[in-house]
């Protein structure tokens, strides 16, 4: 679920998902179009693509199971669809963490009119 995604971003990247990524670049937040503006925006693009491949459940609403083992998030549970959602969220949170150094405030509330380039395929 999106609430769990927010929690994983805090656990893994150490920052607020809503504050930092709720409206960033062309892909972080609702919707997405054009080309990702930087590495953090690309994390959101890849996350959107990941959600797009999930079938049989609702990535934004369905609650999944995970545990923390030696500081790492381990996705679990019996439902392969929900496990896939968890993996999408975990990978995006790791991507955010790994790209904190290049995060740029100029992409906060980035105008959609600047996201008109042709999108690349997932």
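Every residue, even glycine, has its Cβ placed from backbone N, Cα and C.
Note that this is a predicted model, so its numbers are computed, not measured.
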- Query: Of 38, 48, which does Swiss-Prot put in the Ca(2+) site with 27, 29, 31?
  - Reply: 48
- Item | Listed in sequence order, residues not in 27, 29, 31, 48 with Cβ within 8 Å of the centre of the Ca(2+) site Cβ atoms | 26, 28, 30, 32, 33, 44, 45
- What residues, ordered by sequence, lie under 8 A Cβ-to-Cβ from residue 26 (disulfide bond) and sit at least six positions away in the same chain? 32, 33, 34, 35, 36, 37, 41, 45, 110, 112, 114, 115
- Largest tally of Cβ atoms lying within 10 Å of a Cβ, found at which of the disulfide-bonded residues 43, 75, 88, 95: 43
- Query: Out of 27, 29, 47, 57, 122, the recorded positions in the record, which is closest to residue 89 (active site) when you go by Cα distance?
  - Reply: 47
